[in-house]
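Chemist: According to TrEMBL, the compositional bias 'Polar residues' annotation covers 61-73. The annotation domain 'ABC-2 type transporter transmembrane' is assigned in TrEMBL to 128-338. According to TrEMBL, the feature region 'Disordered' maps to 61-110. What TrEMBL records for 146-166, 178-202, 223-250, 262-282, 289-311, 351-370, 377-399 is transmembrane segment.
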């Protein structure tokens, strides 16, 4: 209503992502548009007139009846009649585009010639976008704490369960097999817990597609905010909880350096699996297909990790698949870290006491290399980087709204 319109001190008029006016309210907007060639008809509500301008086609709005036929560079000149609010008037240009970034076509109607919308900039800087998106992610995380509490609670419960299952493993041959089994259980657990990362992306993807179509923010800013507020509270923290509880209950190496190297491997592995699930969620439009591929990949990694089958006994035609298995590098690094503390196997075989290095038993039973810890760390780090680059590329080039 006109009565409500007169109460506005400041007014911002938008049309299809273009700012038409930003300044004082009252009669100033109608005076401004009248000077631009769009006068308000007599006995007509100014608010309705502004709505008509905002709902008009972009071509009609960017046509100035008083523009000459000569070609000009840059945006149209501002009003120079000294009307109030003139300093707040905004040229017709897409939100977020840089000033003077448009070219006016050399035509008699003065229509605006714009490039492909994908090539235009965004309304704010990358850091501002990241700040706003991070604030939204944090608000959503506080509003619905069930996922965080579920991950944290499951991690604590499974940590106690796993620690009780492998409580104070001995230094016999059977005890050493239990130690490696404990490490394998942790790696497999982290793999399956990472499935929730896939579901989170599938759930929020429709909103991202709509907002990207409106060019609200950069896909990189969205992805970074999504990764930060998914990886830290839902991947890293639960991984540290379950690993710490299990490590000390199972009686693994009491050396602090060994413990932190143990955590490093599991955190990197959790990050790699989370990014892999991000990649699947972004690559497939059907969430069910993404979940199927993720589950099959987890089964594949468990098969070629070296716990179920000795790696050297795999037929050569299939043996090369072990190098594509992240869990293999994780389990090998964890095992090497454990036996690297000087662990000795003390057992009795047919009444004969034996004392032998755990490194030899590890090599004979599982086929792990005794000097492969740092190599495995670098490989897992490379997998993290590879999955990250592939995810960013998929989001930029394939994750778009299609109508």
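One-based numbering along the chain as shown.
Placed from the backbone N, Cα and C atoms, the Cβ positions cover glycine too.
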Chemist: If contact means at least 3 Cβ pairs within less than 8 Å, sequence distance 6 or more, would you call the transmembrane segment (262-282) and the transmembrane segment (377-399) in contact?
Modeler: yes
Chemist: Would you mind listing the long-range same-chain contacts of the transmembrane segment (178-202), meaning Cβ under 8 Å and 6+ residues beyond its ends?
Modeler: 147, 151, 154-155, 158, 162, 165-166, 169-170, 226, 230, 234-235, 238-239, 242-243, 246, 250, 252, 266, 269-270, 273-274, 276-278, 280-282, 287, 290-291, 294-295, 298, 301-302, 305, 307, 327, 330-331, 334-335, 338, 362, 365-366
Chemist: Where, among 146-166, 223-250, 351-370, 377-399, do we find the most CB pairs under 8 A to the transmembrane segment (289-311)?
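Modeler: Stretch with maximum Cβ contacts: 351-370.
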Chemist: Residues sitting near the transmembrane segment (377-399): Cβ under 8 Å, six or more positions beyond its termini, same chain?
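Modeler: Sequence-remote neighbours of the transmembrane segment (377-399) are 205, 208-209, 212, 219-220, 222-223, 264-265, 268-269, 271-272, 275-276, 278-279, 282-283, 326, 329-330, 333.
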Chemist: Do any residues of this chain, six or more beyond the ends of the transmembrane segment (351-370), have a C-beta under 8 angstroms from a C-beta of it, and if so which?
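Modeler: Long-range Cβ neighbours of the transmembrane segment (351-370): 171, 173, 176-177, 180, 306-307, 310-312, 331-332, 335-336, 338-340, 343-345.
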